[in-house]
Amino acid sequence: MRLLIRNIKTLAQVETGAERKSRVYGQDMGTLPCLDDAWLYAEQGMIHSFGTMDTLPAELQADETIDASGRMVLPTWCDSHTHLVFAAPREQEFMDRIKGLSYEEIARRGGGILNSARRLNETSEEQLFEQALQRLEAVIAQGTGAIEIKSGYGLCTEGELKMLRVIRRLKEVAPIPVKASFLAAHAFPPEYKENHKGYIDLIIDEMLPRVAGEGLADYMDAFCEKGFFSVEETARLLEAGLKYGLKPKIHANQLHRSGGVQVGVQYNAISVDHLESMGEEEIDALKGSNTIPTLLPGAAFFLAMHYQPARALIDAGLPVALASDYNPGSCPSGNMNLLLSLACTQLKMTPEEAIHAQTINGAAAMELEQQLGTIARGKKASLILTRPVPSLAYLPYSFGENWIERVIV
Ligand code: NIG
Ligand code: FE
């Protein structure tokens, strides 16, 4: 299949030059390389070439030609943090929070993650798969071109394996890359409430060998947080994961300055995610590390919490990524277009910074930066074609409006 897109008003996030760079943007997040009045040619799903219209080779033949007059083309969004596999929504807790209960209080009373775990363990693999596939198709239609999905609502060996098998099936059928993270350390199940060591032993001695044995996970995750997994417990889990080749990618500093960022950096995590609660020490720990600070403003929005200090992170030269955190508790939406608006309005990121954060930097937070995240020769032709729009800034500006005409994955 050969695809030619012509008369593109703006082709955004391009990488030019003889040698393709697949860099993570830290230092220069504010500048978005674009070509105006451009064309793009793809073959077998890969970007073959692109340029400005005056350079379009006259002999170029395609099976499909799109006239993109007035429209923009961007790489698809790379959503590096989701909990897309779940059994049921939790709108009752949403109403409890409107009446004043906090997210933490709901969790302490056995709701929250434990509520999702009960429901998940009552639901068949088949049903979970069907529901998750529908959600996946919906987010792809909203521009998501790669996604990470976590376990963490099983909280027992069979439940965790069931979730990871669902994710494996999604990997097999999805038209986009899917990465899996093993998050048994999401909460302590009730029977281990007073026996934390017992649950961590279960994860390490029983679950991990089976997860790794079946090749079910790419990453090791843990919810490092007061009332959940301590720094010491997280360290033990990450070390065990590494023995099985699972690199860390963790939940850190959502509700408190838990030490999660530092322990993530210590174990060379691919990313530390959430980061609502940050200070100087956390930012210093991230400087000079390879760990990507991944911000989840959708969760801060939905829980009405303070937002992540994106400006301080970007001004420190860190390669900030943005991800949806799609899950039934703290962010029941995987819409990356809304996320773009939140990043600009609430985190004070510029449109250019936010686009970097949810394309190439998100790709890097899943180790997919060689394949996705920019318009570059040899990368996947995974593209968002907009409707006619006046400018790039219009995309985050027009929040809630569907400005996507077509998603090509
Ligand atoms: O990333 N904070 C921990 N885990 C998820 C939410 C889980 C839930 O409430 O179901 C998150 O926000
Ligand atoms: Fe999460």
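Every residue, even glycine, has its Cβ placed from backbone N, Cα and C.
The annotation Fe(3+) binding site is assigned in TrEMBL to His81, His83, His251, Asp325. Annotation source TrEMBL lists Zn(2+) binding site at His81, His83, His251, Asp325. Taken from TrEMBL, the feature 4-imidazolone-5-propanoate binding site applies to Arg90, Tyr153, His186, Gln254, Ser330. As annotated by TrEMBL, N-formimidoyl-L-glutamate binding site applies to Tyr153, Asn327, Gly329. What TrEMBL lists as domain 'Amidohydrolase-related' is 72-407.
This view paints the features noted in TrEMBL onto the structure.
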residue	record	contacts (Cβ under 8 Å, 6+ apart)
His81	Fe(3+) binding site	Glu148, Lys150, Ser271, Asp273, Thr294, Leu296, Ala323, Ser324, Asp325, Ala365
His83	Fe(3+) binding site	Ile149, Lys150, Gly152, Tyr153, Leu183, Asp325, Tyr326, Asn327, Pro328
Arg90	4-imidazolone-5-propanoate binding site	Gly111, Gly112, Asn115, Ser116, Pro328, Gly329, Pro332
His186	4-imidazolone-5-propanoate binding site	Ile113, Lys150, Ser151, Gly152, Tyr153, Leu155, Asp221, Ala222, Phe223, Phe228
His251	Fe(3+) binding site	Leu183, Asp221, Ala222, Phe223, Cys224, Glu225, Gly260, Asp273, His274
Gln254	4-imidazolone-5-propanoate binding site	Phe223, Glu225, His274, Leu275, Glu276, Ser277, Ala299
Ser330	4-imidazolone-5-propanoate binding site	Tyr103, Ala299, Phe302, Leu303
(request) Across all the protein chains here, work out how many other Cβ atoms are within 10 Å of the Cβ of Gly329 (N-formimidoyl-L-glutamate binding site). (result) 24
(message) Tell me the coarse DSSP state (helix, strand, coil) of Gln254 (4-imidazolone-5-propanoate binding site).
(response) coil
(message) Suppose we screen the binding-site residues Tyr153, Gln254, Asn327, Gly329 by Cβ distance to ligand 1 with a cut-off under 6 Å; which survive, in sequence order?
(response) Gln254, Asn327, Gly329
(request) List the binding-site residues Tyr153, Gln254, Ser330 whose Cβ sits under 6 Å from any atom of ligand 2, in sequence order. (result) none
(request) Within 10 Å of the Cβ of Asp325 (Fe(3+) binding site), how many other Cβ atoms can you find? Include all protein chains, please. (result) 30
(request) Tell me the Cβ neighbour count for Tyr153 (4-imidazolone-5-propanoate binding site), meaning other Cβ atoms within 10 Å of its Cβ, over all protein chains shown. (result) 31
(request) Would you identify the secondary structure of Asp325 (Fe(3+) binding site) according to DSSP, in three states? (result) coil
(message) Using the Cβ center of Tyr153, Asn327, Gly329 as the N-formimidoyl-L-glutamate site position, which other residues in that chain lie within 8 Å, going by their Cβ?
(response) His83, Phe86, Arg90, Gly112, Ile113, Ser116, Gly152, Pro328, Ser330
